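What TrEMBL lists as domain 'ABC transmembrane type-1' is B:89-281. Under the heading transmembrane segment, TrEMBL lists B:28-49, B:93-117, B:124-148, B:163-183, B:216-237, B:261-281.
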Amino acid sequence: MTMAPERVLGVAASGPGDARGHRSDRRSAGRRAGRRRAAAAGLVFLLPALVIFGYFAWWPIAQSVVLSFQQTNLVSAPHWVGLRNFAQLFADPLLATAALNTLWFTGLSLLVGLPVPLVCAVLVSELRRGGALARTLAYLPVVIPPVVAVLLWKAFYAPGESGVINSLLGLFALGPYPWLQSPVLAMPSLVVVATWSGAGTAVLIYLAALAGVSRELYEAAELDGASVRRRVWHVTLPQMRGVILILLLLQIIGALQVFTEPYVMTDGGPANATVTVLLMIYRYAFLFGNYGVATALSVLLALVLVVVSAVYLRLTRSWSTS
Amino acid sequence: MTSGPAPVRGILSSADWRHSATRRTWRLLHAVLFAGLVAFGALPLVWMWRASISSTADLVQRPLALWPDPARWSNLYDAWSLLGIDRYLQNTVVLVAGSWLVQLIVATTAGFALAVIRPWFGRFVYGALLATLFVPGTVTLIALYLTVLDLPGLGISIADTPWAIWLPAGAHAFNVLLAKQFFDAIPRELFEAAQVDGAGWLVVFRRLVLPMSRPILAVISLLAIMTAWKDFLWPLVVLSDPAQQPLAVALPRLAQNTDPAYLVAGLVIASVPPLVIFLIFQRQIVSGVGWSGLKG
Amino acid sequence: MKARARRVLGAAAAMALMSGAAACGTSPGADPDTVVITVMGMPAATNTAALELFQAQVAEFEELNPGIRVVGSDVPWDAKTFAARLAGGSAPTLLRVPLTEPPSLIERGQVADIAAEVAELDSFEELNPRVMQFLTDDDAVYGVPEKSYAFGLVYNRSIFTQAGLDPDVPPTTWEEVRAYAAQITERTGRVGFGEITTNNSGGWHLTGYTYTHGGAMIEQAGDGHWVAAFNDRPALDVLKWWQQLRWEDDSMGDNVLGKQEDMLAEFVAGNVGMWVSAPPDLYPNYVAAGGDPADYGAGPMPQAGADATLAGATVLMVNANASAAERDAAVRWIDFRALRPNFDPEIAEETAAAAAADGLPVGVPVLPIYSQEKYEEIQAAIADHVNVPVENFAPYVASLETFEYVPEPVVASQEIYAALDPLVQAVLTDPAADPAELLAEAEGRVNTILEQNQS
């Protein structure tokens, strides 16, 4: 940031050099000089982005591929190990557990996180009063920092009869349930938290999309005698298909990278029931100092994400054209 | 109930609302909706507030109460001073402010270069910028960490300094995309007129483009601030020195050996700034300005 | 637009000021001749009395050693984050870590050789060789112990009384512990026997319990390589014992996913009858958290035939990044704060008087870091200031004389513990868990870890 003045000086310095060019055709020369000046100025204005992206986006992306074939522990110099990082990864029985857990988390969060915001949005959009209040309430959890949300819900999930959720269920003579203390319930409990902090955004996006659905289509459907339910099914949902599909993809990609909830709430427990791929990457790198294997797993995750996106886009394209 | 043709209708028309069975169904659905929204949107926060001024014993004995008995206001002060929340909050503000500034600078300068100056290599740079959108940050986490530990060519480490948060925050291609698209829509005649008047690009940028770009600057700022405030994994990794950590990283660490009541007080303090920002911009956020395609 | 520029500048200036102010807290660096060392082991701000004593000691030390500045760090060693702190270069000059850390720290070159500096201390030669063997390598010295510990049973005396048990006669075998736990839960509704299973504590406890059955965690194969040795009767018995308490007797409560700090909080609140820890180590934290000294009971480590207990230590090491001057300063501080009060009777008496005046516990019976004779000499010197109900520790102290001390695994212990946490968690959270199968799985995992650490 503080380098801006030098950059401005840099423009000035390149000025005279440009002026030196002579051509018989003055207009063409002028245009070329203009192009060159634009290139110089463009470069100057792009410099912050080039430096920042160069260091913190392009270089790490390239490095990831390199690192996954190296042994790096920050103590001895990195050296090439071929596919050994990947071999070590596949020999780790935790990899299968983590992959399955991550898929389970993703599946569950779609099961809850797809229909709930959609239904909410449809209901809110039909409100004749209190729409702003409803939107605000729906969005409030999103405003809370994720770590706060996670720690708050950890308190809600306290086991035994004095836990908040358990005493709530106790009013209906249910429970107490062990929630985070149970290998079976732990993952669904995390999904609830993740959905709680994410659903508000989806509601607002769906609402924006709902507002864009043409009124005439509803009018026409109504004139054809379509019931409300049929209007939702045959007009609203098809019109929203694009938004729904994009959010679905984003949700899948986000869920495959889940970290904060299992890291803070369960640390992967109990009995590895909530170890996710990203948690495993974190442990390999920052607990065991094995950056090569950690990066190898990152590369695998990246491949999965790319394949998911590609397959998804392919499928949705064929649906929308058929 | 309004009569006659309603100017705005949704799935239901005014005729539907006059139909008593439909009206009853939807009233019921809306009642359920509000019950759900209050239960999930408001009550957890009300409980958090209550817990922050309760004694631990009160929390255990009456977990569902919405008002503490006795109210222990000193929790907030104790959390603030004894847990060092004041310092972590200050760290957070510094980190968020710097990330915001870097993102604004990178997004506006790059957007300006790509949309207004349009050098011949612009589309290649733009392509390379957009390509990073397809690689999520978590995937390059380790490589980015090792980069920050030893900046290539410079041989210095910015880990455990605010720069480790500020600079990588700028590598956010979506901001550049927003800025470029906004600048693209500005009529080019304006720039040409300014250049005829002898204005350089810097002047065009500062005097012409930036002042016209308030809406997009606001959107980028809001996204930048919200993202930076919520960020957890990256600061956790790169700010291992507790003296530098933001609230998001410090709170789970403090949670490990802190009286629950103090901890919840800390949670409340961490939630207040984003809540205030939200309430200030509530109208813009909630009415869905620019929501299409935005997801943090 | 000028206003905008000014605002941006203002924000930048404010940021610079704030980050400058933040930096001031950690690096004063005004006088170039001053050596500044950061040291772990500063008590948390919530422990006011201990923090005041620490600060008084820092002030005294700085007066005695002009040119040295000591900056305390109250962030304790943590299995989850310490490696990252070291790698990131933000670890303090003086490291305070459990005895499980030195092998890997030494191998990775992350700690300094302080042989030259410690040679000048009168007390160095007398340090207990049982601990020093982990901290020395030929002529190199990488650290000194601050305190030693051995596992024992910590119990709440008043809960014992309420449950109709004699608080002066704690259980000595696991079978007795089980019966006591059931009785406590039945009569008082409290947790009979508490267990911790996260942040490597599950593996740590499994190791300690296995030792009491005569088992081992790892052993050296014929070729000198270490391999897992716990897929055997002793560890299996431990797991089955846990299952009995958890699923048959229901005497372990609902929360089995905590770590030492969580359990301590529950114990202080009077919700837990018994659990296993290092009784003398825990006591100061117990008192600082508001626990009643009269309720604190320390019994022998429950046994199943081996008469053995896990022994460890907290050790002080110097960061490899430290300069010669910083190393020297750090060793002086180690001597000042940790060693002298255990070696020099006069200093011990002074320190004890100051601690007692601040209301801090004095006279907790510990495992000595010097010889037994030295320990008794020091105990005699501080006798006037003892404010701990020493008689409550008597059953524990008596056991120390008869038990064999077994060290923690010498290779990759924290990684092994981390791999065992899920096993312990499975047994305590899943009623259908099969201990034999879990042990076989864990054996494979630990062998992989051992292989990677010995290649």
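A Cβ is built for glycine as well, from the same backbone N, Cα and C atoms used for every other residue.
Counted over residue pairs separated by six or more positions, the transmembrane segment (B:163-183) shares fewer than 3 Cβ pairs under 8 angstroms with the transmembrane segment (B:261-281), which leaves the two as not touching. Across the candidate stretches B:28-49, B:93-117, B:124-148, B:261-281, the maximum count of CB pairs under 8 A to the transmembrane segment (B:216-237) is reached by B:93-117. Here the transmembrane segment (B:261-281) has long-range neighbours at 45, 48-49, 51-56, 59, 72, 75-76, 78-80, 82-83, 85, 89, 92-93, 222, 225-226, 229-230, 247-248, 251, 254-255, meaning same-chain residues at least 6 beyond its ends whose C-beta is under 8 angstroms from one of its own. Sequence-distant contacts of the transmembrane segment (B:28-49), counting only residues of its own chain at least 6 positions beyond either end whose CB sits under 8 Å from a CB of the stretch, comprise 66, 264, 267-268, 271.
Outside the transmembrane segment (B:124-148) by six or more residues, the chain places 110, 114, 157-159, 164, 168, 171, 173-174, 176-177, 180, 233-234, 237-238 with a CB less than 8 A from a CB of the stretch.
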